[in-house]
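Asks: Structure in structure tokens, see below.
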Amino acid sequence: MGLAAEPDSSNGDKTPLLLSHPLKRTGTVWTAVAHIVTGVIGSGVLSLAWSVGQLGWIAGPFSILIIASFTLISSFLLSNTYRSPHPQFGPHRSASYLDAVHSHLGLKNGRLCGLLVNISLYGFGIAYVITSAISIRTILVSICYHTNEEEVACEFVDAYYMLIFGAIQVVLSQIPNFHNIEWLSVVASIMSFAYSFIGMGLSILQIKEKGYVEGSIEGIRSRSRTEKLWLVAQALGDISYSYPFSTILLEIQDTLKSPPPENQTMKKASVISVAITTFFYLGCGGAGYAAFGNDTPGNLLTGFGSSKYYWLVNFANVCIVVHLVGAYQVYSQPLFAIVENWFRFQYPDSEFVNHSYFLKLLFLPDFELNFLRLSFRTAYVASTTVIALMFPYFNQILGVLGSLIFWPLTIYFPVEMYLGLSNTEAWSAKWIMLRSLSILGFVFVAVDSLIMKLARLLNEEVTLLRDVRTKVEGVRDELCLIQAYLKDADAKADTADTSSHAVKVWVNQLRRASFRIEDAVDFYIIKLAPHPSQRQAFDLHKC
């Protein structure tokens, strides 16, 4: 094994966000499709059956198609911003989403975009650590239950599997850049196809065994309108977060060879990818809801865990883990590039930052080692793993963040950049159409987020009122017992057993307490009991 050092070269006339190394771009439409599918079709596809179930047979598929259309239009607009000033022949390249916004919309928008992009990319990393650990635990629990005849406690700790996943990512994160992970995206794409087909196939098989299709137009019924409103908003948020790939589109486009022009290749790849994604989303979502109806689980595979096909479910979970290994890198490499390019700009003469060392290994390709890459990326992976360990329910937070980030990253910035580069005349048909698209996307996200917040508050209020009613009923029952005791005490007041002064004082205190309890119950009956029939249920004379 030998060691050789080679300095990284960079162009000094570029902005800090646009620094790059000399690259040989060899990507094709199919490598781009592999990257997109790896980034988009995650284990979240298995939760879309629940989302379709909440929305019903009409609104569910329609929502998937609408969001797919938004995503496709956004990808078309964004692919035209890769080169400037001309989308095909312009000499200036934007190698990342952040580069494009910074160059075309200015520093202020660039900073806002940087915040949103980094939150999105970092959040995906944390979510993948958690989801992979859950899948590994699911496999082990299934094997434990099916290999032990006697009932045993099959309990496994997620923390161990998060640490294993993190260790794997420390190694893979040393891959220099997005151009070197094509093979990983291909493997991850195959895995995503595998578990999606398994979930879809098992659902269709269950429908065939039942002989009928579950589900309804209005979707899964809820206990209250408030709860239904919350669940519908959550379902729309899950669908909207499962589609966009705008944050990695330009990184993928930067890997494509030319000719043909990169934007044409990227548009073809986007059409193919969105079509494949929509097929799986509609297939898994529709077949899952048709198989389980009102009992549709949050994760489609969990519905088959106890079936005779449990081994196939275990294999699907293995595919999920392998896919997440690749997906973590697809969403982390752009963030790595942003931070490392900033350091290269700030410290151009630093050997620690700019020099690469090549390890010559027997029977293996040369391994490129950079100390900045090694230290920063290791710390990055460690941080996502630690946060996943500390907040195992982070996926729920990520769903809310995703619905909020959807509009600016998927619609607003691409529309603004396209209008600026194309010099579209104000109030022309194209201008009005794109502005309407942006406004429609904002309204969708704003209304969905508002509904989620209001529904959550209302749901908490309803739960609180239900708890108050339960507690008042309990207090009323206790009051009946106290009043019965006081009657007995009054009847025996003159006997020898209850003639002591201490007992009389205690009985008087208990009587005053019963009066205060009775006043509180009366207040609930008059002010809070919402219906006359409910007030009659609190009639104190029925003790």
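Please read every residue number as a count from 1 along the shown chain.
Every residue, even glycine, has its Cβ placed from backbone N, Cα and C.
Whatever TrEMBL says is automated annotation, not expert-curated.
Note that the coordinates shown come from a computational prediction; the quantities given were computed from them, not determined experimentally.
Quick paste from TrEMBL:
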type	residues	note
DOMAIN	25-447	domain 'Amino acid transporter transmembrane'
TRANSMEM	29-50	transmembrane segment
TRANSMEM	57-78	transmembrane segment
TRANSMEM	119-140	transmembrane segment
TRANSMEM	152-171	transmembrane segment
TRANSMEM	183-205	transmembrane segment
TRANSMEM	269-289	transmembrane segment
TRANSMEM	309-331	transmembrane segment
TRANSMEM	379-407	transmembrane segment
TRANSMEM	427-447	transmembrane segment
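Structural setting of the listed features?
Replies: Proximity of distant same-chain residues to the transmembrane segment (29-50), defined by a Cβ-Cβ separation under 8 Å and at least 6 residues beyond the stretch ends, is recorded for 64, 128, 131, 135, 178, 182, 184-186, 188-189, 192-193, 195-196, 199, 203, 235, 238-239, 241-245, 248-249, 252-253, 255-256, 265-266, 268-270, 272-273, 276-277, 280-281, 284-289, 291-292, 296-301, 320, 323-324, 326-327, 330-331.
Proximity of distant same-chain residues to the transmembrane segment (119-140), defined by a Cβ-Cβ separation under 8 Å and at least 6 residues beyond the stretch ends, is recorded for 42-43, 154, 156, 158-159, 161-162, 164-166, 247, 301-302, 305, 314, 317-318, 320-321, 324-325, 327-328, 331-332, 334-335, 380-381, 384-385, 387-388, 391-392, 394-395, 398, 401-402, 405, 409.
Sequence-distant neighbours of the transmembrane segment (152-171) (same chain, 6+ residues past either end, Cβ-Cβ under 8 Å): 128-130, 132-134, 136-137, 140-141, 144-145, 321, 324-325, 328-329, 332, 377-378, 381-382, 384-385, 388-389, 392.
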Asks: Restricting to CB pairs under 8 Å, which listed stretch, 57-78, 183-205, 269-289, 309-331, is in contact most with the transmembrane segment (427-447)?
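Replies: The stretch with the most close Cβ contacts to the transmembrane segment (427-447) is 57-78.
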Asks: Are the transmembrane segment (269-289) and the transmembrane segment (57-78) near each other by the rule of at least 3 C-beta pairs under 8 angstroms (pairs 6 or more apart)?
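Replies: Counting Cβ pairs under 8 Å (6 or more apart in sequence), the transmembrane segment (57-78) reaches the transmembrane segment (269-289), since there are 3 or more.
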